[in-house]
Amino acid sequence: MIDRLMAREAIYQQSNPDPGGDPPEDGPPHGKNAADGGDEPDRGPDPDVTLRPQRMAEMVGQQDVIERLRIAIDAAQVRGEPLGHILFDGPPGLGKTTFATVIPSEMKTTVQMANGAGLKAPRDLLPYLTNVSRGSVLFIDEIHRVPRAIEEYLYTAMEDFRIDIVLGEGVNARTLNLSLEPFTLIGATTRAGMLTAPLRDRFQIREHLGWYTRKELAEIVLRNSKKLNIEVDPTSAGVIADRSRSTPRLANNRLLWVRDYAQSKTKGNVEASVCEAALDMIGIDHLGLDKQDRNYLDTLMRVFLGGPAGLDAIAHTMNVSSDTLEDEVEPFLLRSELLVRTRRGRLATPKAFEHMKRQMPDRPLS
């Protein structure tokens with residue numbers, strides 16, 4: 001215990017040059033992020049948490065990933081060892097956090113949850129590491145945002161279950177070796193390419209989460225409608241699934257809005273026409289495009305005659321940042337084959353013109 005307190009104090013002093021500052025309190029971090037500074041007031045259950053599966057048996061989709069994880073979990077339990085470190089990557093909303101919460105349930109252990117953006121210095125990481133128990137899980141979301149200084153502590157923590165703390169400076173410096181209980185680190189990222197190779201290679205299990213099928217999304221909608229105590233028929237579930245961009249999180253968001261709309265407009269009656277009217281009201285069309293998606297395509301077709309046009313030119317015309325378009329708008333348009341990128345710029349496809357009910361220009365689009 002004394003070594004842990006000395007280590008925490010040493011890391012704090014290295015990270016905080018202000019000698020008058022107070023060291024972090026002993027004990028586990030509160031909430032999901034140590035940077036939060038304390039518990040937030042109770043605002044009632046988070047709908048996303050309420051709808052999230054609690055065990056793997058409740059999960060829909062990603063069955064190949066689930067099967068591989070079941071094998072790894074079973075083998076670890078047979079050996080009586082912690083599960084190997086796991087890295088999940090993929091677009092937002094596909095279940096990375098869900099996996100990070102159900103795996104501890106399957107292993108019958110505890111989980112600490114952190115966010116890479118909140119781990120700004122080694123002193124932010126230390127409370128998590130010193131509070132791991134044997135076989136427990138530490139989940140770091142957005143792990144690609146962890147600074148290099150944090151990574152260096154994770155290397156030995158993941159590989160040797162220890163961290164080395166340098167006490168003092170110069171000729172008086174000495175190293176304190178702090179042993180950790182064997183634990184499982186689960187990382188989640190939407191940008192696996194931003195991870196350094198040394199960190200990426202320390203994950204024994206790496207899984208990429210893919211898009212969900214219409215059938216899988218409809219099943220998710222039907223299951224979660226029961227949790228919300230509303231009746232949704234398969235046809236209505238299909239309408240919601242069609243407009244959810246192959247993403248469970250969006251399907252849940254659409255379902256919550258349809259519930260609110262139905263309770264306000266139709267006394268809770270949910271049918272296909274009600275789902276369509278509810279989603280039309282918030283600008284979600286039958287392909288899942290929202291207002292900004294259609295505004296992008298409209299600008300590309302109306303101003304630039306379908307392209308090719310540069311991203312910056314489109315962004316300036318729409319009065320939207322190019323980062324917003326590149327990160328939030330274009331990925332779905334590209335995946336839906338409504339947009340292509342060429343060396344000369346962005347180009348609307350024939351499918352996009354058909355969807356927007358616009359006539360393609362006579363000149364070849366190249």
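Placement of Cβ uses the backbone N, Cα and C atoms for every residue, glycine included.
Residues or ranges marked as region 'Disordered' in Swiss-Prot: 1-48. According to Swiss-Prot, the region 'Large ATPase domain (RuvB-L)' annotation covers 21-212, on the basis of sequence analysis. The ATP binding site annotation in Swiss-Prot covers LEU51, ARG52, GLY93, LYS96, THR97, THR98, GLU159, ASP160, PHE161, ARG202, TYR212, ARG249 and rests on sequence analysis. Look at Swiss-Prot and you will find THR97 tagged as Mg(2+) binding site, backed by sequence analysis. What Swiss-Prot records for 213-283 is region 'Small ATPAse domain (RuvB-S)'. What Swiss-Prot lists as region 'Head domain (RuvB-H)' is 286-366, and the listing cites sequence analysis. Annotated DNA binding site per Swiss-Prot: ARG341, ARG343, ARG346, in sequence order, evidence recorded as sequence analysis.
Confidence in the region 'Large ATPase domain (RuvB-L)' (21-212), given as mean pLDDT, stands at 83. Counting every protein chain shown, the Cβ of TYR212 (ATP binding site) has 25 other Cβ atoms within 10 Å. Counting other Cβ atoms within 10 Å of each Cβ, the binding-site residues ARG341, ARG343, ARG346 show the lowest value at ARG343. The residues of the region 'Head domain (RuvB-H)' (286-366), classed with DSSP into helix (H, G, I), strand (E, B) and coil, number 40 helix, 9 strand, 32 coil. Shown in sequence order, GLY307, PRO308, VAL340, THR342, ARG344, GLY345, LEU347 are the same-chain residues outside ARG341, ARG343, ARG346 whose Cβ sits within 8 Å of the Cβ centre of the DNA site. With helix defined as DSSP H, G or I and strand as E or B, the region 'Small ATPAse domain (RuvB-S)' (213-283) counts 51 helix, 0 strand, 20 coil. Residues LEU51, ARG52, GLY93, LYS96, THR97, THR98, GLU159, ASP160, PHE161, ARG202, TYR212, ARG249 are recorded as binding ATP; their most distant pair of Cα atoms lies 37 Å apart.
The two recorded residues PHE161 (ATP binding site) and ARG341 (DNA binding site) have their Cα atoms spaced 46 Å from each other. The separation of ARG343 (DNA binding site) from GLU159 (ATP binding site), Cα to Cα, is 44 Å. Spacing of TYR212 (ATP binding site) relative to ARG341 (DNA binding site) is 24 Å (Cα to Cα, whole number). In sequence order, the binding-site residues near ARG346 (DNA binding site) (Cα within 10 Å of its Cα) amount to none of LEU51, GLY93, THR97. In this structure the alpha carbons, written CA, of THR97 (ATP binding site) and ARG343 (DNA binding site) are 36 Å apart.
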